[in-house]
Structures are given as structure tokens and as C-alpha cells.
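To start, the structure itself, in C-alpha cells.
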Amino acid sequence: MKRVLILAFKDLKLITRDKLGMFFMLGFPILMALFFGTIMGNAGASGSRSLKVAVVDLDNSDMSQRFVAALKENDVVSVAAMPEDEAVNSVRKGDHVGVVILPAGFGKTAGILWESGPAIRMGLDPSRKAEAGMLQGMVMQSMGQLVMARFQDPALMRTVIEDSKADISGDETIPPATRLVLNGLMDSLTNMFDSIERVNLENSDSDQSANSGFGGFELANIEQIDVSREVDPNSRAAVLKKVRSGWDISFPLSMVWAVLACVAGFATLIVREQTLGTDTRLMVAPVNRGQLLAGKGVACFICLTCVLSTMILIAVALGMRPLRWDLVALAVVSIGIGFVGLMLPMSLIGKTEQAVSGAVWGICTVMAMFGGGMIPVVFMPDFVQKLSDYVPVKWAVYAMEGAIWRGFSFREMLVPCGLLAIIGGVAGTVGVYLISRRN
């Protein structure tokens, strides 16, 4: 075992001297993970992005502030208060979906159904019609809350009614008969709100005071029922619900390229030693062929685990939180076993470094394409997903995702990890046999 470790550390020393090779083993995969993770952003369960809306409050009244507060209560909307010119320009630049301008005098008539006050001005991005339609609905929802706020405050409504009566009395264009009817209506409304206020005062000491009068008034009592369709747990929608951040997707994919770079590097190293005569000189030393190959395998395994561990630590520093660390360790070990085994027969593809390097990278690129190293398998067409079952890269990504965000149990992890171990064992046995036959 000591001789195997000495040979392994010799190979690790040789592989680390290749700066460009080390870049493709560690630097390039990290850059890929950072790039795609940043693009994906918060792709997971946090839901869709909020609508960025600029609000200009030219009234600064209690009702205008209530309107803005009601708009902010909606989780789908991100409200930013700013001056009018700045708000309009932000929509033109595409920074906001729309701008909502509350004119001066908005608070005097807002929420009063029989008054027509200054109109709310809205500017919407024409290139985002669907989001603009949602924003219009949310503005109407916030206005509905102002109507409710008016009716829930009898004292405020009494003042509004008195002002309306004064306007009716001072408007000479209203016929006397109509004026009499309108004044009677206003008196009836005053009596109604007086009654509501008395009821609220009588129930102020009871436990139900919050629901008395118009305090608990609702335009409609809506009870929701569950009509959501059953989602296949293996479907794309169900899988994406489990994703918590862009790092959950980008790092497992990028780890594949680190693994493939290690495989290509060590496969090329074996051929280099054969072409330079290093392999022949080692055979003169007191070691046998099995110890030489074991040293190569141990070195490749150590390199793989170190690279994967480094990438996992970087991902954790960026905010990725694996669900089960024990399964992460199991995934790393099984990936190492699987691809160390694949490395040995790949080193026999050619007789020169250039031939082996080109062929191995070509095979690795194809495996990455079909196995989810470029785009997640869940986004691929159905027939490609079926083909990916025969690609080791797919099971490497699947094992890492299962431990990080898919929520696999230990039994579920046995499928990808077991397949990787079997692939590594079979490929490694074939590789050792062929290398022994060649020599």
C-alpha cells in the first residue's frame, strides 16, 4: 500500500505541474458555475420575479399613503417611491414595469363611490403587456381597499357626507326636487354611519369588537377550495419547485466538467509516461503492473474528491445549502469510483498524447451533452432523456442533485451511486485487463 501511495502522490505532483490542465480541472468549472448560477438567479421555490413598479405620490395624504401601503402588501409587487421624471425614465429604460402617479387631491375623493376625483395616471411598458395587465388589476385591488377603509371609518365618512351636502346645496344647477332627494339620501347615510359608530362603541369592550360593524365588512365572503391538479413528482414542474437558488443547478452541472477534466488529464498522463519511457523505467523499480495502475487510480480518485470538495465549499459560501451532507459525501465517493474506472480504458484509445487527449475530450463532451453537463436533463426532449440513462454523466449529476436539493433518501441515492460504482468497477476491470495485455 505504501508503494501505491508513493506512486499516487508522484502522479498528483505531475498533474499539478500542468497549469493549464489544473485550470480546466478547477478554474473553468468554477467560472461556469458562477456564470450560469448568476444568470439563473433565484430560480427555485421563491416563485416568479416581483413586478417592479415606480410610485409617485403628489398628494401625500393619508389616503394616498394607504394606497401605496396596500400596493406594497402584495408580494408580487416591488414598489419604489421616486420623483415623477425619474419614475417615467425608469420605465422607458426598462427598469420598471410601470409608473403609478397619484395626483394632488387624490385623497379627498379616493374611496368615495359617488365622487369623481383626479384620475390616477399610469405609464406602462408596452413590451411587457402581460405584466402591465397584472399591475392594472393590482391598482384596482388597492383602490378597493380604500373604499373599504372609508366605510370602516364612520367619522371620516360623516365628514365626507357633510361636504357633499354643502356641495349639493351650493350647486344652483341641480333642480330643487333632485336636491331634496339627494339631501335626503345624505341624511340617511349619516344616520346609518351614526348607527354603525354606536354599535362599535357598544361592542368595544367585547372580544368581537374587531369584527363588529364595518370593522369586518367584506365585499364577498370567499372560501377557497383546492382544485390544484396532481403533479407527477418526476415532472419538470415538480422538480423545479424543489430548486431553491440558481447555485443548486449550476454547481452540479459544473462539477461534471471538473470530473471530466480530471479523467482527461490522467488518461493523457498514462500515455505520456508510455511515450516518454517513464512507464518502462518504473517497471524496473520494485513495483508490479498492478501497483502502478492502482497508484494511477488512487491519484485520480484523490484529485476528483479534492476538486469536487473545493467546488462544494465555494457553492456553500455563495449560499447553496445541501439538504444532507452524508449523501453529498456518498455522491462524491461514488462519482470518484465511477470515473476513475472510466479513465483507465480511455487511456488506451490512442498511442500518442494528442490522440488520447482529443478522443477523450470528444467522448467527454458527448457524455456532457447527453448527461446534463450543458443543460439540465429535465429540460431535454423525452427521447434525449431516455438516451441519457446510458450516460454516466447523467448519474453523476443526478447523485449530486439528489443530495443537494432533490431531497433523496438513502435508498433513493443507492440507484445513481450504485450505478456509478458498477460502471467504475466494470470499466476499471476492462481497463486493467487491456493495459496488461498491451504491455
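Every residue, even glycine, has its Cβ placed from backbone N, Cα and C.
Among the features that TrEMBL reports, domain 'ABC-2 type transporter transmembrane' is placed at 21-432.
The transmembrane segment feature in TrEMBL is assigned to 20-40 (among others).
Residues or ranges marked as transmembrane segment in TrEMBL: 249-271 (among others).
If you look up TrEMBL, you'll see 292-315 (among others) marked as transmembrane segment. Below 8 angstroms of C-beta separation, residues 3-12, 15, 25-26, 29-30, 33, 247, 251, 254-255, 258-259, 262-263, 265-266, 269-270, 279, 282-283, 322, 328, 332-333, 335-337, 339-340, 343-344, 428, 432, 435 of the same chain, each at least six residues beyond the ends of the transmembrane segment (292-315), sit close to that stretch.
For the transmembrane segment (327-346), the residues of the chain that approach it from at least six positions outside its boundaries are 259-260, 262-264, 266-267, 293, 296-297, 300-301, 304-305, 308-309, 312, 356, 359-360, 363, 392, 395-396, 399-400, 402-404, 408, 410, 413, 416-421, 423-432, 434-435, judged by C-beta separation under 8 angstroms. According to TrEMBL, the transmembrane segment annotation covers 327-346 (among others).
According to TrEMBL, the feature transmembrane segment maps to 358-379 (among others).
The annotation transmembrane segment is assigned in TrEMBL to 413-435 (among others). Through the fold, the transmembrane segment (413-435) approaches residues 289-290, 293, 297, 327, 330-331, 333-335, 337-348, 392, 395-396, 398-399, 402-403 of its own chain, all at least 6 residues removed from its boundaries and within a Cβ separation under 8 Å.
Note on the transmembrane segment (249-271): residues 11, 14-15, 18, 21, 24-26, 28-30, 32-37, 40, 43, 243, 279, 296, 299-300, 303-304, 307-308, 311-312, 315, 320, 335, 339, 342-343, 346-347, 349-353, 355-357, 360-361, 364, 367-368, 371-374, 376, 393, 396-397, 400-401, 404 of its chain, located 6 or more positions outside it, place their CB under 8 angstroms from a CB of the stretch.
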